[in-house]
Amino acid sequence: MGVLTNNLTLFRDGFATTLQLFLYSAVLSLLLGTFLAMLRVSPVPVFRAIGTTYVTVVRNSPLTLVFGFFVFAYPYLEIIKFDFFTSAIVALTLYTSAFICEVVRSGINTVPVGQAEASRALGLTFPQMLGSVVLPQALRSVVPPLVSTLIALLKNTTIAAGFSVSEAGAIRDSLSEQGANMLLGLTWIAFGFVVLVIPLTLLQRVLEKRWSVAR
Amino acid sequence: MSSVLFDVPGPRARLRYRILTVVGIAVLLGALAYVIYRFYDTGQFTARKWSWAEYRVQQEALFNGLLNTLRAFAVGAVLAMLFGAVFAAARLSDHVFWRGPSTVVVEFFRAVPLLIMMFFFYYGLPTIGIKMSPFMAVVLGLTLYNGSVLAEVFRAGINSLPKGQSEAAYALGMRKTQVMVLVLLPQALRAMLPTIISQLVVLLKDTALGFIITYEELLDWARDLGGQLLFGRPYVPVIIVASAIYIGLCLLLSWFATYLEKRNRRSKKVLPIDTGDAGNVVAGSAMGQV
């Protein structure tokens, strides 16, 4: 208990940064992921190819490598300067959006073809059909895997600790400087993550019940 | 794709698609050209930044890093599958004595971030006198996390088999172990093989986490060499090389999984079972560490 109570501010700040990283990258990757899914079902072949290539490459590269690129190599290209926190958000967003894209696309596949056909019969254009008929139904049907992906994102934020962002995973560094009991400290960090995952799991159940569509 | 979201285009739609195609290609080429220009402009293509590749020491270091990555992957994969098999069997047991604790263990290791687990083994355990090499910490973390996910995959695979399979086997007078080993496991394994290979891709990707706890793998090689002033700090070239190797290895494994899946779909030996449950387990974990 001593490790936690003696370092309350350390733990609080660490987990606050983790939550910030999580919220920013969750919102951004949901947006980018949905956009990529739209590209992947588009009638224009080039857009589909772009979406597919992005998803294939990103899904097959380790997140640590994406972080490594943005922290080590990217500054040497002298494009726009990012601080460590922004680099972490960019890396997490680019990585997670590929997985969100796949989830959303599998959701689009569950929407019956009749929905798209009916929209076309009403004269809706492709973007209208996607935006107001197919996507709303698709997103509702993939809430469980979508939240699973977000839980994974929450756990992935720890990697930022290896790249100079002082979030929950980096609490260890400060504890080791103090010579505190690392075993207990790390147990508390693990416990903190379990506590953070629980509300997300509850949200998953609630949304699943409320949004499930009878077909 | 099972659904068709658009009609066969008519003359006007074809024209529109053509214009969009041109715009799409233009934007893509523009972005690529800009990035390549930035590479060129900051001197990433100069001979000096790539001269490290001519040194025997650096070649050996690269080879060593790659070898360490593959070693962690191989040992981790074998152990994770063993762990998964044992815990799946325990979770399917009829006795609460086995089922209860194994459920807690599997759920726990799936919930804790993998990196925190590695920290725990590498930095935490020395507090109580257990010292581990980075290699052991990496392998142990990979085993426990991916083993737990694989346990869920195995279990979902066995649960998704039609009930008639085990009922028929029991009716023939087989024992519980015989039913599992002779009837259920072979079918479940065949159906689950693509999912299992996909999880191995995750495991391969997660070996890169070892970099953070000073395991000398491929990414560690990249950072090491990248910082050397002698070659003009070739961070960009080495990250390009490391990315090519990582992505290439993972793509090979992924393609193997897709190939197996396609073969399963054609084969008559595999029952068309619903893998939805296992799909869900992996949706969360496909991100690596998840």
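Including glycine, each Cβ sits where the backbone N, Cα and C put it.
Residues or ranges marked as domain 'ABC transmembrane type-1' in TrEMBL: A:15-204.
Here TrEMBL flags A:21-41 (among others) as transmembrane segment.
The transmembrane segment annotation in TrEMBL covers A:61-77 (among others).
TrEMBL lists A:84-105 (among others) with the feature transmembrane segment. Within its own chain, the transmembrane segment (A:84-105) is flanked in space by residues 17, 21, 24-26, 28-30, 32-34, 36-37, 40-41, 51, 54-55, 58-59, 63, 66-67, 69-71, 74, 135, 138-139, 142, 145-146, 149, 152-153, 156-157, 160, 163-165, which lie at least six positions past its ends and keep a Cβ under 8 Å from the stretch.
Proximity of distant same-chain residues to the transmembrane segment (A:182-203), defined by a Cβ-Cβ separation under 8 Å and at least 6 residues beyond the stretch ends, is recorded for 2-4, 7, 11, 14-15, 18-19, 147, 150-151, 154-155, 158, 168-169, 171-172, 175-176. If you look up TrEMBL, you'll see A:182-203 (among others) marked as transmembrane segment.
Sequence-distant contacts of the transmembrane segment (A:61-77) (same chain, at least 6 residues past either end, Cβ-Cβ under 8 Å): 84, 87-88, 90-92, 94-95, 156, 159-160, 162-164. For the transmembrane segment (A:21-41), the list of distant contacts is 47-48, 50-52, 54-55, 85, 88-89, 92-105, 108, 130, 135, 139, 150, 153-154, 157, 160, 165, 167: same-chain residues at least six beyond its ends, Cβ to Cβ under 8 Å.
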